[in-house]
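To start, the structure itself, in structure tokens.
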Amino acid sequence: MALGFIKKVFTFGKDKAPADASSPEAELSAEEKAAIASETEPHSREENLPLSPVDPVAQAEMETAGGPSDDDEDAEPELIPSGEAPGELGMVPLSLLQAEAEAEEGSDGEQGQSPSVPAEPVLPKGFATRKEVAPVEAAPEVKLSWFQRLRQGLSRTSAQLTGQITALFTKRKLDEATLEELEDLLIQADLGVETAMRIADTLSSERYGKDVTGEDVSRIMSAEITKVLAPVAKPLELDLSHKPHVILVVGVNGTGKTTTIGKLAAKLSGSGLKVMLAAGDTFRAAAIEQLKIWADRTGSDFIGTKLGADAAGLAYDAFEQARARKSDVLIIDTAGRLQNKAELMSELEKIVRVLGKLDPDAPHTVLQTLDATTGQNAMNQVEIFRNVAGVSGLIMTKLDGTARGGILVAIAAKHKLPVYFIGVGEGIDDLEPFEAQDFAHAIAGVAH
Ligand SMILES: Nc1nc2c(ncn2[C@@H]2O[C@H](COP(=O)(O)OP(=O)(O)OP(=O)(O)O)[C@@H](O)[C@H]2O)c(=O)[nH]1
């Protein structure tokens, strides 16, 4: 790695230095030393040159960004713009000399190292040398479990809530005023009026007139949220007597439809089912390409069409082909352009109608993806898509980000739609079955 390379360069210099130090130089006169110094100084500058292009930070960033690796020799000069190095080097000598002078002052008989060990330049005030960035390389080792990612994603909601609740009950007994304030806090966290009242009522019946701790509220909150979520935490039922079982995936653009389809396909094909993916979002070339990539990754069949083609026609063709190939599951992606609601509605309605011509029960599942970072807006989205496409279940995505997961509780209380899975990352395995208690714990900040 780049860091190793740098170390090698430094080590090489150090190895050389003692040899010089053991040379008769120690016995040289002041003039002779000065003559040697003036000869060696330009040389030490040159030795700096190869170090700059392999700045470990730049290199690590390039690597994480999927850029050129160590092996890519051609990429090396791009890391440092060609015009920069000489300019920087032009500023170095004074500081280099200072650094060398300091090194000489501070070292006992190690003068011989200075020509081959490039002394650290003393940078002007306000600058600092960027040190080794080992953590960049070490990061992948601390892969969080999916629950840790969920907890991290919901930490904004839970930290804000628990902090406010603790502050609310500090030196105050539970009375009408504190109960009302508590309800407000819970509503602000998107949990919904109904659940907020349930939590407040339970707390009131347990501790009215008494002291209340943040832990009391977290425990009750977690239990009440679990009660709301448990009935909707259901597995996605597949009726494999249908060949194929048709899953239509709907949702606003960017909520994670295509990614979720890829993750579902991975699970299903991984368990031996024959899966076909249909690119029904015919408005974006990238959406079609992205789905094709997921199909390739998951060993699924793929059917797409021209950009701008009729999505319902594609859905029909996909259903026929999946039947002919005896696919177990057909998953159809759709567009989600809420900007043009009338068009979107008629397109989705048409897809549902057309699929029904081949099998009156199709689509057998209509899945809606919700982006957990959007908060209250997710409630409106469920209302729209439920009416248009007859949504039969939900998947909440991006719960690993800065999620505002409280809204899922409000949606569950109002719509009582099954929540099958949650997305906790962009990777192929980052889709987990929805567990009511885990989710409630994460929101309420209760230990797992
Ligand atoms: N962190 C995180 N990112 C996700 C998750 N699910 C999807 N994404 C990302 O969200 C972005 C949008 O996802 P898509 O799958 O393209 O969403 P879409 O609904 O198909 O959007 P369109 O293709 O525009 O219709 C992508 O960058 C995904 O990688 C998740 O669970 N966690």
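One is the number of the first residue shown, and numbering goes on along the chain from there.
Each residue, glycine too, has its Cβ placed from N, Cα and C.
Feature annotation from TrEMBL assigns GTP binding site to 251-258, 333-337, 397-400. If you look up TrEMBL, you'll see 30-48 marked as compositional bias 'Basic and acidic residues'. Taken from TrEMBL, the feature domain 'SRP54-type proteins GTP-binding' applies to 418-431. According to TrEMBL, the region 'Disordered' annotation covers 14-123.
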Long-range neighbours of the domain 'SRP54-type proteins GTP-binding' (418-431), counting only residues six or more past its ends (CB under 8 A): 146, 149-150, 153, 229, 232-236, 256, 259-260, 262-264, 266-267, 297-298, 367, 369, 372, 392-400, 408, 412, 439
Residue among the binding-site residues LYS257, ARG337 whose Cβ has the most other Cβ atoms within 10 Å: LYS257
Filtered binding-site residues, from GLY254, LYS257, THR334, ARG337, whose Cβ is under 6 Å from an atom of ligand 1: GLY254, LYS257
Cβ-Cβ neighbours of GLY254 (GTP binding site) (radius 10 Å): 13
Conformational class of THR334 (GTP binding site) under the three-state DSSP mapping: strand
Overall pLDDT for the domain 'SRP54-type proteins GTP-binding' (418-431), taken as the rounded mean: 94
Under 8 Å by Cβ from LEU399 (GTP binding site), counting only residues of that chain that are 6 or more apart: ARG149, LEU150, GLY153, LEU154, ALA372, GLY405, ILE422, GLY423, VAL424
Cβ neighbours within the same chain of GLY251 (GTP binding site) - under 8 Å, at least six residues apart: LYS257, GLY336, GLN368, THR369, LEU370, GLN381, PHE385
For THR334 (GTP binding site), the number of other Cβ atoms found within 10 Å of its own Cβ: 27
Within the domain 'SRP54-type proteins GTP-binding' (418-431), residues counted as helix, strand or coil by DSSP: 0 helix, 6 strand, 8 coil
